[in-house]
Amino acid sequence: MSRSLSLAVIPGDGIGPEVVAQGLKVLGAVLPPDVKLETREYDLGAARWHATGETLPDAELERLAGHDAILLGAIGDPTVPSGVLERGLLLKLRFAFDHFVNLRPSKLFPQTATPLQGRPDIDFVVVREGTEGPYTGNGGSLRTGTPAEVATEVSVNTAYGVERVVRDAYERARARPRRKLTLVHKNNVLVHAGHLWKNTFDRIGREYPEVTTDYLHVDAATIFFVTDPARFDVIVTDNLFGDILTDLAAAVTGGIGLAASGNINPTGTFPSMFEPVHGSAPDIAGTGQADPTATILSVALLLRHLGHETEAVRVEDAVTADLAERSGPRSTDATGDAIAARVTG
Ligand SMILES: NC(=O)C1=CN([C@@H]2O[C@H](COP(=O)(O)OP(=O)(O)OC[C@H]3O[C@@H](n4cnc5c(N)ncnc54)[C@H](O)[C@@H]3O)[C@@H](O)[C@H]2O)C=CC1
Ligand SMILES: CC(C)CC(=O)C(=O)O
Ligand SMILES: [Mg+2]
C-alpha cells in the first residue's frame, strides 16, 4: 500500500462534475493524513469538444497514464452527436489502458428500496469484458442515408481476450464464499462468439474444480435478475450484455444512483479507472438531484484496488449506514456531506 496517491480526475459531462465532487469529498475525508493525495483535473468532455474539436488528444492520454488511478464522472451530452464522446473519449480510454475487466458489484443494502417482492439476498458481481465485443467500432455502413442502407457492427471476440477475462472471473469466484460462476451469453444464436466463450469457460473451469458453474442465455438471465437474483454470485459476460445487465442489476438493488464500477487493468501496466455505472443524466443535470452514492462506492473500489482496504471498508460502511437513515429526497451535496461525516466520525 502506497503512502501517496496520484489521482487523475475526469469530471466529464452532465451530472459527472456534481457526483465527482462528492466522491473527492469522501476520499479526502477517509484517507489517513500520512497518505499524500495529489489530484489533477482533466478538462475532457463536451465543453472541450465544442471549444477545440478534441475528444482525447494523445498528449492527455500520455499524462493520464502517469497516474495511479482515474476517477471519472460521466461522458456524453445531448449537444454532441451521439457516440463522438462515448467512443472517442470513454471507450478510447478503456481500450488504450486495456481495462479488460469491467467490475460491477451489485448488492441490496439493508433498508434500501427494491422493486422486487420480498427482500432477496442480492450480492453478486458482474465481470464484464471491457475491450472487445460489439464496442470495438468494427463496422460500417453502405449507401448511408438511402433506403438501401446496410449497417454492420461486428462483435470482436478473441481467444486471448475471452480467456483473460474468464480467468479473472474464476479467480474472483474462487475468492468468494459461495464460489459460483455463471457465464451469460447467447450461444444458441451467436454461435461463433458464443462457442468461443463457452468452450473457454469450460476449459478454464477444469483448473477451478472448487468453483460451481452454470450457463444462462442472456434473455433468460434477465428473468432471473428479477425473479431470483440471489442465485448469482459472480457473472462473466461480454461487453454489451454486461452493459445492459448491470443497469438492470442497479434497478433491482436500489437504483442506478447506487451502482459503482471499476475499469480494471489487472496487470497494472496502466491506471485503472473508477466511475459510476450511470451516464451523464442530462435530464437532471444542474438540479442537485443526482445521487452521488455510486461515485462514492466507486471511490471505495478505487481504494481497495490501490491496497487501502481499511479505508474502502469504511466508505462502504458509511454508505450502508447512510442508506439506512435516508428518508425522502436529499441534495447531491447533502448526501456527500453525510457520508463524508460518517467516514471521519
Ligand atoms: N460511463 C459513462 O460515462 C456513460 C455515459 N452515458 C452517456 O450518458 C448520456 C445519458 O445516457 P442515458 O442513457 O440517459 O443514461 P443515464 O444513466 O445518464 O440516465 C438514465 C436515467 O437514470 C437517471 N440517473 C442516472 N444517474 C443518476 C444518479 N446518479 N442519480 C439519480 N438518477 C440518475 C437519469 O436521470 C435518467 O433518468 C448519454 O450521452 C450516454 O451515452 C451512458 C452510460 C454510461
Ligand atoms: C456509454 C457507453 C460507452 C458505456 C456504458 O453505457 C457503460 O459502460 O455502462
Ligand atoms: Mg451502460
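For all residues, glycine too, the Cβ spot is worked out from N, Cα and C.
Curation does not apply to TrEMBL; its annotations are automatic.
The Cβ neighbour count for Asp219 (substrate binding site), using a 10 Å radius and every protein chain shown, is 12. Annotated substrate binding site per TrEMBL: Arg94, Arg104, Arg128, Asp219, in sequence order.
For Asp247 (Mg(2+) binding site), other Cβ atoms within 10 Å of its Cβ number 14. Sequence annotations record features per position, and here TrEMBL assigns Mg(2+) binding site to Asp219, Asp243, Asp247.
Here TrEMBL flags Gly279, Ser280, Ala281, Pro282, Asp283, Ile284, Ala285, Gly286, Thr287, Gly288, Gln289, Ala290, Asp291 as NAD(+) binding site. Taken residue by residue with DSSP, Ala285 (NAD(+) binding site) is part of neither helix nor strand, so it is coil.
According to TrEMBL, the domain 'Isopropylmalate dehydrogenase-like' annotation covers 6-339.
The DSSP breakdown of the region 'Disordered' (324-345) into helical (H, G, I), extended (E, B) and coil residues amounts to 15 helix, 0 strand, 7 coil. According to TrEMBL, the region 'Disordered' annotation covers 324-345.
Take the CB of Tyr135 (site 'Important for catalysis') and look out to 10 A: across all protein chains shown you find 22 other CB atoms. Residues or ranges marked as site 'Important for catalysis' in TrEMBL: Tyr135 (among others).
The local packing around Lys186 (site 'Important for catalysis'), expressed as other Cβ atoms within 10 Å of its Cβ over all shown chains, amounts to 20. In the three-state DSSP assignment, the secondary structure recorded for Lys186 (site 'Important for catalysis') is coil. Feature annotation from TrEMBL assigns site 'Important for catalysis' to Lys186 (among others).
For ligand 1, the nearby binding-site residues are Gly279, Ala281, Asp283; that is, of Asp247, Gly279, Ala281, Asp283, these have a C-beta under 6 Å from one of its atoms.
Reported as a whole number, the C-alpha separation between Asp247 (Mg(2+) binding site) and Arg94 (substrate binding site) equals 19 Å.
Outside the region 'Disordered' (324-345), and at least 6 residues removed from its termini, the chain residues within Cβ reach (under 8 Å) are 15, 18-19, 21-23, 25-26, 28-30, 109-111, 288-293, 296, 311, 314-315, 317-318. In this structure the residues listed as binding NAD(+) are Gly279, Ser280, Ala281, Pro282, Asp283, Ile284, Ala285, Gly286, Thr287, Gly288, Gln289, Ala290, Asp291; their two most distant Cα atoms lie 16 Å apart.
Checked against ligand 3, the binding-site residues Arg104, Asp219, Asp243, Gly279, Gln289, Asp291 give Asp243 in sequence order as having a Cβ less than 6 Å away from one of its atoms.
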